[in-house]
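These features come from Swiss-Prot:
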- 45, 46, 50, 158, 159, 160, 161, 162, 182: D-ribulose 5-phosphate binding site (BINDING)
- 46: Mg(2+) 1 binding site (BINDING)
- 46, 161: Mg(2+) 2 binding site (BINDING)
- 144: site 'Essential for catalytic activity' (SITE)
- 182: site 'Essential for catalytic activity' (SITE)
């Protein structure tokens, strides 16, 4: 077999475009069950893997995994409409970050938390923020959860984990809000593709790419247009 053949790389084979529907089905099932999904962005972008959990289905075990295995910067991905209802303003007036990541001010639940740092407290904060009746009185700033605002077009507008999180939650039939944290290695470096696949296999988690989500949405749009 030629050494340049993608099939010679078992990890590359995991991302066969023909298997995208199966990867998406596994990821959406996991979102509905509150199981983390390992999502990779493009190799020429951040080239990082995030663990993503539907905000509606967040559990103590899921949050503990985010804190233990990831960077510790737990982010809540929201639509612009939800962020506005919560009264969340941008973290800075002029966003100069490399990828335009739309951080708002950090938040804490107004009631029900102590220091806000524990897994239980961060879950309380996220539940307060995504509750159907949540408003600007539900949370305070600063805090230990970092909201991110997704662009309206999702991954078709911006190929970021923020948009991927909201798209996955919406595609799973849940509220359009996701919780994410960047996967890290024990030595403090960021997990890349092969590291992320090994982690997913060790923990029995589905793995997919932002490209998978974009292709899935494009296929859905074509199916609707031809219906």
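Glycine too: its Cβ is placed from the backbone N, Cα and C atoms.
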Nearest to residue 144 (site 'Essential for catalytic activity') by Cα, among 50, 159, 161, 182 (binding-site residues)?
182
Which secondary structure state does DSSP assign to residue 144 (site 'Essential for catalytic activity'), in the simple three-class scheme?
strand
Suppose we draw a 10 Å sphere around the Cβ of residue 159 (D-ribulose 5-phosphate binding site). How many other Cβ atoms does it contain, all chains included?
19
Sparsest-packed of the listed recorded positions (144, 161) - C-beta count within 10 angstroms:
144
Hey, which of the binding-site residues 50, 182 is the loneliest by Cβ count within 10 Å?
182
